Structure formats: structure tokens, C-alpha cells
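Record features, source Swiss-Prot:
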BINDING   D34, Q35, E36, R93, Q94  ATP binding site
BINDING   H127  Mg(2+) 1 binding site
BINDING   D168  Mg(2+) 2 binding site
ACT_SITE  K191  active site
BINDING   R193, D217, D221, S222, G223, G224, T225  D-ribose 5-phosphate binding site
Amino acid sequence: MKLFAGNSNRVLAEAVARYLNIPLGKATVRRFADQEIFVEIQENVRGEDVFILQSTSFPTNDHLMELLIMIDAFMRSSAKRITAVIPYFGYARQDRRASGRTPISAKLVANMITRAGVDRVLTLDLHAGQIQGFFDIPTDNLFSVPVMARDVKAKYKQLGNVVVVSPDIGGVVRARALAKRFDAQLAIVDKRRERPGESEVMNIIGAVAGKDCLLIDDIVDSGGTLCNAADALLANGATSVTAYITHGVLSGGAVARISGSKLQELVITDSIQPTQGVLDAPNIRVISIADLMGEAISRTATEESVSSLFD
């Protein structure tokens, strides 16, 4: 087994390598003067079980091309099996046609990764579970809920006062999975999105007065949904609001927006390498998925079941 990484999340890749007790593979990913991406594998991989860790986060297209070119390089270097480990799968929010004459970009990206020569995909908290079916190869979609649950139990001494909140109807399944971990109540924020990047909170379904609310979602981008949801929960009597989000996209002015919000804390994973601005934010904290991803890689390499990681 050999683990390699592109440029999108070297910090996570190094942490995963430490968990696996193996060195990170030697590969050069650089650009020519015209910005074309060039990859050179600097060690023998013939007959090896190769894992490439690369989130397709901002700049999404550059990191996607890095991944595709790395897959091609390993295929042409006679690797026995190639697994793409994609903690954050870009284009996942384009999983269906929202209107006429529009693409299903998530399916296109899945096709590109498959055609490049990968044998298996390992990812985390896909925005829509059906994206697994976009791949014609084995695909494991891990869940960050176990990592979040451990953090919640360490943070809150009185779990009986915790309510898990889904910021919209679509995230109820994810929120329920966390709530079951410590037998917490569930609430839902019913909102209406007026235009892209903005949301209007309408009402709260569930009892939140006097409770510590945990907002659970897969992606935080502009931060508007979270901030509006926090305002609505506090207006309905919540004692505090903390958000647990898997993928911290945090584009534009999101960090400043969240820093100035009523959120007690935003907890994100390192599926996307955090910027210095994120690390310096007073109410944003990063928890690591390195052990989860490392264990999944180890079990995949040894042909063991990964199903227990979903529990």
C-alpha cells in the first residue's frame, strides 16, 4: 500500500500517513509556465495498491485536474489498483437538473474520474447519497457523524439538554443519525431560499427553548443559512447554538460573517484544508477526520469490511 497526495490537502494527507505508519509517497505536482499541470511519480509503484488523497475543493477545477492527471500517471506506471480518496467531492451540489437545459455536473465528474483509470473511490459525506450511483466502480461514502459525536460528548457535560437541529428538511437524516448517538431530541429549521447564497428563516419545528442547539449539515459555504438559523433558534429561546459541519467551504466573506454571528462555535472537519483566516477565527474550530480516513484506507487495502465505520 502506498499513499500519495495532490496539492489540495497536504496537511490531512500527512496526518493520514502518520495514522497508517507509512511515509507519504513521493510525487511532484507542478505547473508549466502556461499553467498546465504536470505530475511525476518519483518512486516505483508497479504492482502496488495506490491511494491518492485529493479533495476537489477551491480552486475546484485545478484540484480536479490534478487528481485526473495523477490517476493517469499511476495507471501508466502499472499500479495494481488505484483508489481515489476524495474527502470533499466538488460539484456534488450539482447532482440533478434544477431546471431545463442544465447539466448534472456531479455525474460528469464521476465519469471523468472513472474513465481516468481509477478502480475505487473513497469519499466523505457526499451532499447527496445518490452520487455513489454516478460511479460505475465501487464507491464508499464515509460519514463524519462518529467523529462529531465524540467531540459533542467531550464538549457537553449535560447531553440531556442538547437538541440536534437540521438547517433544512433535506438534512433530517443526517441530523437524526447524530441525535441517535446520545438519544437527543430533533428539531428542524424551515426556511425559504429567495435567491442563491441567501436564505430566509421561516420557523422552527421542534422544542428548542432553554436548549443547547447543535446545527448539523454537510457543507457551509457562504454561511448565510447557519447565521440565519442561529438567529431563529435564539429568537425561539435556545440557550446556545453550535454548528457541526463536515465540509468548510467558507467562500467569500463567510469567515467574517460567522465570526460576527450569534453562533457560539462553528466546528468543521479538515476535509478541506483550512485557510489561515479560518484557523484565526475566534469561533471556528477544526476537528480531524485523519483517523477515520486512515482506518478506511487500511481496511480497503487489506480487503476488510469498512461497514463498521458507518456505525
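Every residue gets a Cβ built from N, Cα and C, even glycine.
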Compare all C-alpha positions of D34, Q35, E36, R93, Q94, the record's ATP binders, and send over the largest distance in angstrom. 30
Taking Cα atoms as reference points, rank the recorded positions E36, K191, G223 by distance from the residue listed as 'Mg(2+) 1 binding site' and give the first. G223
On a count of neighbouring CB atoms within 10 A, which of the binding-site residues G223, G224 is highest? G223
Neighbour-count leader, CB within 10 A, binding-site residues: D34, E36, D168, D217, D221: D217
D34 (ATP binding site) to T225 (D-ribose 5-phosphate binding site), Cα to Cα, whole Å, comes out at 39
So, three-state DSSP: helix, strand or coil for G223 (D-ribose 5-phosphate binding site)? coil
Any idea what the Cα distance is from the residue listed as 'Mg(2+) 2 binding site' over to Q94 (ATP binding site), rounded to a whole Å? 18
Hey, how far is Q94 (ATP binding site) from K191 (active site), Cα to Cα, in Å? 20
To which of the binding-site residues Q35, Q94, S222, T225 does the lowest count of other Cβ atoms within 10 Å belong? Q35
As a whole number of Å, the Cα atom of Q35 (ATP binding site) is distant from the Cα atom of D221 (D-ribose 5-phosphate binding site) by 27
